[in-house]
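Colleague: Take this structure first; my questions come after.
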Amino acid sequence: MSKKLFIQTLGCAMNVRDSEHIIAELSQKEDYSLTQNIEEADLILINTCSVREKPVHKLFSEVGAFEKAKKRGAKIGVCGCTASHLGSEIFKRAPYVDFVLGARNVSKITKAVNTPKFISTDINHDESEYAFGEFRGSPYKSHINISIGCDKKCTYCIVPHTRGDEISIPSSLILKEVEKAAKSGAKEIFLLGQNVNNYGKRFSGVQENIDFSDLLVKISEIEGVERIRFTSPHPLHMDDKFLEIFTNNPKICKSMHMPLQSGNTKVLREMKRGYTKEWFLDRALRLRKMCPDVSISTDIIVAFPGESDNEFEDTMDVLEQVRFEQIFSFKYSPRPLTKAATFINQIDDKTASERLTRLQNRHSEILDEIVAAQKDKIFDVYFEELRANGGVAGRSFNNFLVQVDGSEELLGTTQKAKITNPKRMVLYGELQI
């Protein structure tokens, strides 16, 4: 009889893929099977995020709840970025935790499960060529890591301290994984990296003469691959070659995440982002011109230390010019180990909240206009999900979530849908037979 695994994943798509790797390792090597019922689990894992303070607080509230809900003899493990930066502190604050496994140490999961009070948080551990077992949360798409770690050292970001330096995964391994996924029915390939379009700058073994644009072309040539998505690219590496391949390759989905963070060049310099307001606008507006149907999402931090009212207005100006389809916006959150946490000119919470509210309110107005403009458009939709309220949903080529009436027979297929009732979260439509 197999043992039961309950796993909760917080944070980014990289964490989702790490959790898939953990599930594969434990199911194939330790005979675990997944359960959604925490009370029957023999092993309870939480894969954590530490980009902001809130997910760190959530970790300790969640593991406390796990301890109360778990059955006798069940183990609790903490994985991911918070595990990397807190390490043994987790044992002190939650002594009922059985092991701590950092984000760069996923391949050690079987050892962790079988070793009392195991801890491994080595951010220099190299997993770029480790052959993980295969598990996909969805049969219709496959998340695939193309690099690990981050070299950028942005002053507000803890990720380089939890995931280590950037290493590209050999292209031969990536292509084999894509081929395997496509043969098993995954028509959409989702490429992952902290700076995904910096791919090819450094390998741990044999160096390759390849960049991200080249890799995209190679993946698009694999039989069975119909759609390619990726996250998260860095604006600094969006050269003309990259934009041209993105625009002209018919298998690359026309949605681009462009993390702005701030629209002010001085603030960007303090953040160590490596680009200016002018560079960002040039890339974004050129992309809009080259690819009119593209949807652009972004990340924005308001109230970074020292940000003046006028500097915040530059962020609002970029919002007006680019008109992002989606924004992920936050008040600046000081993170341990980061340079910005030591800056003396921190912004008070009242000012930060006012700026965030203004930004989000204006984007809501822009989004309403964007959504309304989708009425009567016809999209090719790749259906992946049965909805609780009936019908099936999937993504358009430019990343709108579309729902139509239909059954599970539509899952894993691409169909044309005409938008009849566009809403912010979902565009409701009708199949075009």
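Note that Cβ sites are derived from N, Cα and C of the backbone, with glycine treated the same way.
Keep in mind that this is a model prediction, so the values were computed, not measured.
As listed in Swiss-Prot for this protein:
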- C12, C49, C81: [4Fe-4S] cluster 1 binding site (BINDING)
- C150, C154, C157: [4Fe-4S] cluster 2 binding site (BINDING)
- 3-118: domain 'MTTase N-terminal' (DOMAIN)
- 136-369: domain 'Radical SAM core' (DOMAIN)
- 372-433: domain 'TRAM' (DOMAIN)
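Looking at the shown structure, can you explain where the listed features end up?
Modeller: The Cβ neighbour count for C12 ([4Fe-4S] cluster 1 binding site), using a 10 Å radius over every protein chain in view, is 18.
Summarising the environment of C157 ([4Fe-4S] cluster 2 binding site), the number of other Cβ atoms within 10 Å of its Cβ, over all protein chains shown, is 22.
Across the domain 'MTTase N-terminal' (3-118), the model assigns an average pLDDT of 92.
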Colleague: Using a 10 Å cut-off on Cβ-Cβ distances across all protein chains shown, tell me which of the binding-site residues (C49, C81, C150, C154) has the largest neighbour count.
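Modeller: Checking each of C49, C81, C150, C154, the winner is C81.
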Colleague: Using the alpha carbons only, what distance in Å do you get between C81 ([4Fe-4S] cluster 1 binding site) and C157 ([4Fe-4S] cluster 2 binding site) once rounded?
Modeller: 12
